[in-house]
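Chemist: Feature table excerpt (TrEMBL):
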BINDING   Lys120  ATP binding site
COMPBIAS  14-25  compositional bias 'Polar residues'
COMPBIAS  32-46  compositional bias 'Polar residues'
DOMAIN    85-365  domain 'Protein kinase'
REGION    14-46  region 'Disordered'
Amino acid sequence: MGICFSSEYDQDHSFQMNKGENGSHSIKEKSTSQIKPSTLESPTIKSPRTPIIITKDVKDLRTNPGYSNLDIFTYEEMQIATKLFKSDQVLGEGGFGIVYKGVIDEHVRTGYSTIHVAIKELDPEGIQGDREWLAEVNYLGQLQHPNLVKLIGYCCEEDHRLLVYEYMASGSLENHLFRRVSETLTWSRRMKIALHAAKGLAFLHDAERPVIYRDFKTSNILLDVDFNAKLSDFGLAKDGPMGDQTHVSTRVMGTYGYAAPEYIMTGHLTARSDIYGFGVVLLEMLIGRKALDKSRPSHEHNLVDWARPILTHEKKCLKILDPRMDGQYLPKAAIKVANLAHKCISQNPKGRPTVSHIVQVLESL
């Protein structure tokens, strides 16, 4: 369900067991039962405080938006920006609809400086609807951070629902890891991306009311021309627990291979659910394999299940690292990151580190 740059969008977040185009699956709704959150402590990363999100509905956005940082576009302006939604402007497609590359300039709106954008148009017949569209506007309309993709504006005219984002020229992390691109991601570039993604997640978790991202995966990590990473797609984001709450109960949504096992089983969501997804992505960057890959032998289909026991043995661990990175890292550093990934994918949420601790480890490399 990422914002752009993939022609193989597989982000199906319905409650049916539908197989995605690259082998990922949506998660079916589950019943709930009590689970306590992790209590592992680590020093807090100092960052700007995230505001408590004020939810607005479609009527609000039309009559009294209140988001001074967002532009409200007409559907005609969106047509001009995308050259009437021409097929050669398509960046990607998924359960939400189609993403187009566009240009906002003087021809679109008088006085507008030229800017390249990605425009996501919601398909009224698609899997997602107003709820996910509104979540993106409500969160990205109020959250700003260097490692979150910038929402420039939206269109909410009649039945049309469009979102306008900054254009991320280097595409998604998924593309660079698993599809043919001009150059392979180096070790240092992968660690830079991991750190940026962790900082974006830390900003969400370190809030007056934490925000749980709920869809951490390679296709939702977008890269700019300098390979700075930003989290995208907030359609599944959720306000986290506050006060004495240990979790928030919600229907289970996400992508198989990345969703935390306790969340799938119980429907209880905590910040540690995001940490599990981060660990899976870190494994994908280390090993160069997809979270789920049915083309491999049956015991290697699930990356986490296959890699978990290997990560605790240093010599074996070094042998399974992505061979495209050979000679680019110190074994000590690679083992340190592998140990971090192993903790993140712990089956016990209490064994997972906080995102602040993750940032500290990655900054120390």
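Placed from the backbone N, Cα and C atoms, the Cβ positions cover glycine too.
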Chemist: Specify the count of other C-beta atoms within 10 Å of the C-beta of Lys120 (ATP binding site).
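Modeler: If we count other Cβ atoms within 10 Å of Lys120 (ATP binding site), we arrive at 28.
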Chemist: Which whole number is the mean pLDDT over the domain 'Protein kinase' (85-365)?
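Modeler: Summarising the domain 'Protein kinase' (85-365) by its mean pLDDT gives 94.
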